[in-house]
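As recorded in TrEMBL:
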DOMAIN    10-178  domain 'Cytochrome b561 bacterial/Ni-hydrogenase'
TRANSMEM  20-39  transmembrane segment
TRANSMEM  51-73  transmembrane segment
TRANSMEM  94-115  transmembrane segment
TRANSMEM  141-163  transmembrane segment
Amino acid sequence: MSLLTDNRYRYGLVSRMFHWSMAALLFWQIGGIVISELFSRNLSWVSAWRGTHFSVGVLILALALMRAVWGLMSFRNRPRALDKTGKWAAYGHMALYGFMLVTPVLGLLLVYGAGKPLVFFGGHLWGVHDPLQWAYKTGDLLHGVMAWTFLAAIAGHMSMVIYHHYVLKDATLSHMVGKPKSDV
């Protein structure tokens, strides 16, 4: 078995890279929002962190698309629970993928609808243009709500991992953490 690909016992290095890269980007993104709510946005370090929000959002969307394609390609080889918890885990993972895709799209809709340029780490993905009221209102209404709901789903995901690892002791955590074994 290849260390790169998934199998029924554990996730491969590619899936793990997608998972932990997404976790790091989301930690950065959510951390920036929380920090900007707790501290003055006039502080240079808060402003700098908050200033990466659009660029990191685009990265999250790009990574989510690549991760979704990889997940579909390796779907049959992924670890699965053999009991009813596996179905609930699958629903939870589908919800997380939905949040990973929809939340940044709503953010893009908000920025585009406002007629603002989208600056991606210094380069423009699009420039200033006429605002689109429907796009702005949709993005403004849903992006923040979706992001906070996504955070709650992430907390639920982490809680279930802890529950499985420490209460059920079913080795669920070993599917994504630790050195993958080439043969089981």
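Every residue, even glycine, has its Cβ placed from backbone N, Cα and C.
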Handout entry: Beyond the flanks of the transmembrane segment (94-115) by at least 6 residues, Cβ under 8 Å
Key = 22, 54, 57-58, 60-61, 63-65, 67-68, 71, 126, 128-140, 142-143, 146-147, 149-150, 153-154, 157
Exercise for the section: Using a Cβ-Cβ cut-off of under 8 Å, list the residues of the same chain that are 6+ residues beyond the ends of the transmembrane segment (141-163) and lie near it. Expected result: 26, 30, 33, 89, 92, 95-96, 99-100, 102-103, 106-107, 109-110, 172-173
